[in-house]
Amino acid sequence: MQAVNLGANSFHVQNRVFSSSSRFNNKNATACLIGTGRCNSFRLRLRSGPCVGAESVFRSPQKSRSVKAQSSDGDIAPVKSQSSSSGSVLPYVGVASLGAILFGYHLGVVNGALEYLAKDLGIAENAVLQGWIVSTLLAGATVGSFTGGSLADQFGRTKTFLLDAIPLTVGAFLCATATNVQTMIIGRLLAGIGIGISSAIVPLYISEISPTEIRGTLGSINQLFICIGILAALVAGLPLAANPLWWRTMFAISAVPSVLLALGMAISPESPRWLVQQKKIDQAEKAIKTLYGEGKVVEVMADLSASGQGSEEQDAGWFDLFSGRYFKVVSVGAALFLFQQLAGINAVVYYSTSVFRTAGVASDVAASALVGAANVFGTMIASSLMDKKGRKSLLITSFSGMAISMLLLSLSFTWKVLAPYSGPLAVIGTVLYVLSFSLGAGPVPALLLPEIFASRIRAKAVALSLGMHWISNFVIGLYFLSVVTKFGISKVYLGFASICLLAVLYIGGNVVETKGRSLEDIERELSPAT
């Protein structure tokens, strides 16, 4: 979810007056055939040895399961999961997660800083220019999300992180040193491009290097660190009351993780999947050894080869995403992010301050902290359940809880019988909604997309879906207040509840469960070779 300043005109909603000079709090709105065959070379110069299966480190070591593993000439061999790897991906997941922290921090930093920087730059009375400072980040993020996929395909995942650090660092520097609004807007635009690229490549990289048995847990770390970044921005703003120029330090702070991201990625291994696609076999084997241990090299290489990676099939272009082979799975990815945004997360966070004030919580910081804490707590629970309960079940549970919460919020505004309890009910509904969102609708889409997309289209398809996320975010921010003014907040909340129920039905009929399955296994099911 993004912050959008929508001017200073007051408007009436359900007999309450809300001022549109209030800002959206930034939250990231922002889930076998058995045969025999001979051992094949896969044309990848695999090391000599016995015929091995395709399930390698990406399968859970606790379970021994036969699965279909197809080699380059079409033979199918029975394979079983092997012991867990001796390597460790955690340090590299941690480095990539710096991009998620920056994502959240840049979304949240303007909330506390806007009032003070507006005075310092001489635009305290100009709501339009303040709105540009806020919303320019969204425009940059939209560009960055589409660009990130192409960069990741052309230069690789780690080099794209290195490139991403440039606009993130320069943007932070320009914002921290700005003496006029033009420089501030340019800085926010560059920072937006940076977080847009991060939104595409962080979940992509984490998903591609994570072992299957913990891929869900590691993948949900992306959302967790986004939440932490948002909370960090909130905490960073605490000295503002005593030091009005502290806003410059708030923006400068973000340059530190940007530099650390570049330094960390300079020594991190490239995604073995991308290297095999590029036919850089020696480098792929070296990356696998670093990530999982030397004993896994042959197995993982066989797994990647069995899915067709490294074959003569060319990388997909943008138009290939809409072909018959890939259209359904791409549409599912885009739909998940559309449901995520259309389910009303922006609205709930925007009105949380007013809701809490009605219930007697006068402190805006306390209200934001309560919402942020619910977000982080729910995401931590989701991380522990992702590989136990599965992505699909968490999505269904999440949207169901969001629908109930929205209904409760709607009734708390309109039912006279509930009037004496409207304040507490609204607070309960808000916290329950954010908690439900963070259990599935928040973290799962970014995790699920790299899992369901074939390697040939993965980077571009993730970028396209994230682009839909940013575009829908921008449109909702642009028109939300007008819709509320026309129909009233209660009816809008009721509409959000209906969208949540539609999401439950759509997910039940179209989303596949990916828990405990290798990316190659999922690809063979959802995007079979023609």
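Each residue, glycine too, has its Cβ placed from N, Cα and C.
The annotation compositional bias 'Polar residues' is assigned in TrEMBL to 63-73.
If you look up TrEMBL, you'll see 63-87 marked as region 'Disordered'.
What TrEMBL lists as transmembrane segment is 89-107 (among others). The list of residues near the transmembrane segment (89-107) in space but at least 6 beyond its ends in sequence, with Cβ under 8 angstroms from a Cβ of it, reads 1-3, 26-28, 30, 137, 161, 164, 168, 171, 191-192, 194-195, 198-199, 201-202, 205-206, 209-211, 218, 221-233, 236, 253-254, 257-258, 260-261, 264-265, 268-269, 291-292.
Residues annotated as domain 'Major facilitator superfamily (MFS) profile' in TrEMBL: 92-515.
Annotation comment: TrEMBL describes 127-149 (among others) as transmembrane segment.
According to TrEMBL, the feature transmembrane segment maps to 161-179 (among others).
The transmembrane segment annotation in TrEMBL covers 185-206 (among others).
Annotation comment: TrEMBL describes 218-239 (among others) as transmembrane segment.
What TrEMBL lists as transmembrane segment is 245-267 (among others). Cβ atoms under 8 Å from those of the transmembrane segment (245-267) belong to residues 94-96, 98-99, 101-102, 105-106, 109, 112-113, 116-117, 120, 158, 161-162, 164-165, 168-169, 172-173, 175-177, 187, 191, 194, 233, 236-237, 239 of the same chain, restricted to positions at least 6 beyond its ends.
Taken from TrEMBL, the feature transmembrane segment covers 329-353 (among others).
If you look at the transmembrane segment (365-382), the same-chain residues 6 or more away from its ends with a CB under 8 A from one of its CBs are 25, 27, 111, 220, 223-224, 227-228, 230-231, 234, 238, 349, 352-353, 356-357, 394, 430-431, 434-440, 442-444. For 365-382 (among others), the entry in TrEMBL reads transmembrane segment.
Within the same chain, residues 14, 31, 336, 339, 343-344, 348, 382, 385-386, 421-422, 425-426, 428-430, 432-433, 435-437, 439-442, 444, 448, 489-491, 493-494, 496-498, 500-501, 503-504, 507-508, 511 sit at least 6 positions outside the transmembrane segment (394-413) and bring their C-beta atoms closer than 8 Å to a C-beta of that stretch. If you look up TrEMBL, you'll see 394-413 (among others) marked as transmembrane segment.
Sequence annotations record features per position, and here TrEMBL assigns transmembrane segment to 425-449 (among others).
What TrEMBL lists as transmembrane segment is 461-481 (among others).
If you look up TrEMBL, you'll see 493-512 (among others) marked as transmembrane segment.
Listed as Cβ neighbours of the transmembrane segment (218-239) (distance under 8 Å, sequence separation of 6 or more from its ends, same chain) are residues 26-28, 30, 89-90, 93, 97-98, 100-109, 111-113, 202-203, 206-207, 210, 246, 249-250, 253, 365, 368-369, 372, 375-376, 379-380, 382-383, 386, 438, 442-444, 446-447, 450-451. Looking at 161-179, 185-206, 425-449, the range that has the most CB pairs within less than 8 A of the transmembrane segment (127-149) turns out to be 185-206. Taking the domain 'Major facilitator superfamily (MFS) profile' (92-515) as a whole, pLDDT averages 87 in the prediction.
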